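Right, one structure below, let's go through it.
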Amino acid sequence: MPAYKLYYFNGRGRAEISRLILAAAGVKYEDVRINDWPRTKSDAPIGQLPYIEIDGQKLPQSLSIARFLAREYNLAGKNNLEAAKADAIVDTCIDLMTGFYQKVFLVTDLGAKEVALKKFLADDAVKGLENVENLAKQFGTKGFSVGKCLTWADLFIHEITFSLMNYQGDLLDNFQVLRQIRDAVESNENIAEYLKNRPVTPF
């Protein structure tokens, strides 16, 4: 089995989907959490995080890493069409989180950020989650967003909803399909163990 070292800041962020994939697959790896980024930035292939070392070879870009791991450990879908469907769901999740980053995270004034967050949760988040759920209804079965078994799309859904529900706990009350997917992810023994023990960080 390859030796993996995953490099990222001490947070979930763009590395968490890869951590979840590795956890689901039961793969051991070194979770390197960077605290001295200016000093170690030159070690990164393109000067940014995350990146992964695979037997010493460095691969950057969060989605490239996650997609590689998903394919490597049979979490990308059962065939090329399922893989494309999983990619479509992941891209739709990214659209949602990009909107959050641009409309809320980058706002520096605390008062304006509070207003932006409230508007985002009421409008953009609902529409984005509707889009994700609609795809899951078309592509998947109960508890799975694509096909009949766990894919990295399910893990991505779990992670973005986890992040958003930190701001509004009842955000998924009207999204039965997404709640079923979250329940299925958390019923996976490897994932349950990982979630129980992962470091608590703001992001």
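Glycine is treated like the rest: Cβ placed from N, Cα and C.
Positions annotated as domain 'GST N-terminal' by TrEMBL: 2-77. The annotation domain 'GST C-terminal' is assigned in TrEMBL to 79-203.
Counting residues of the domain 'GST N-terminal' (2-77) by DSSP class, helix then strand then coil, yields 31 helix, 19 strand, 26 coil. For the domain 'GST C-terminal' (79-203), the model's average pLDDT works out to 97. Using DSSP to sort the residues of the domain 'GST C-terminal' (79-203) gives these counts of helix, strand and coil: 91 helix, 4 strand, 30 coil.
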